[in-house]
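In what follows, a single structure is set out as structure tokens and then discussed.
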Amino acid sequence: MHAIMLKAKLHRAQVTHSVLDYEGSCAIDGEWLDLAGIREYEQIQIYNVDNGERFTTYAIRGEEGSRIISVNGAAAHKAGVGHRLIICAYAHYSEAELANFKPHVLYMGADGELSHTSNAIPVQVA
């Protein structure tokens, strides 16, 4: 049996560019892609915290150190500059792989900079 699990997440990444007349995709700072373990051209799910839009696209590598999050092509209608996004990548894992599974989570601060990383999401309390 295989399970589809959260592989990586950029939590509350801030859109720096929204380019309608681009081929498509989402450009993400190369440093953040590496930290999260997201590959260039890998499918990603994007959840817009500000307007509730949810869509699928693929990641492309942005200039390292640029702090770019650019939503491109038709997806530019779903996220504008300044919007906060949750960007997720999922993967299939075997039962054996699940024994040591931990996602890569990058938490972004209000200033658009990386705040901290984690391999777990905190338990939600009532």
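From the backbone N, Cα and C atoms, a Cβ is placed for every residue, glycine too.
Quick look at what Swiss-Prot lists:
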- S25: active site, schiff-base intermediate with substrate (ACT_SITE)
- S25: pyruvic acid (Ser) (MOD_RES)
- T57, G73, A74, A75: substrate binding site (BINDING)
- Y58: active site, proton donor (ACT_SITE)
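Apart from the site residues T57, G73, A74, A75, the chain places the Cβ of G24, S25, C26, F55, V71, N72, A76, H77, K78 no farther than 8 Å from the centroid of the site's Cβ atoms, the recorded substrate location. Across the structure, G73 (substrate binding site) and the residue listed as 'active site, schiff-base intermediate with substrate' place their CA atoms 7 angstrom apart. Its Cβ taken as reference, T57 (substrate binding site) is surrounded by 19 other Cβ atoms within 10 Å in the chains shown. Among T57, G73, A74, A75, the residues given in the record as binding substrate, the maximal Cα to Cα distance rounds to 10 Å. Of all the recorded positions listed here (S25, A74, A75), S25 has the Cα closest to the Cα of the residue listed as 'active site, proton donor'. A Cα-Cα distance of 5 Å separates S25 (active site, schiff-base intermediate with substrate) from T57 (substrate binding site). Cβ neighbour density within 10 Å is lowest for A74 among the binding-site residues A74, A75. Taking all protein chains in view, 15 other C-beta atoms sit within 10 angstroms of the C-beta of G73 (substrate binding site). Most Cβ neighbours within 10 Å among the active-site residues S25, Y58: this distinction goes to S25. Taken residue by residue with DSSP, S25 (active site, schiff-base intermediate with substrate) is part of neither helix nor strand, so it is coil.
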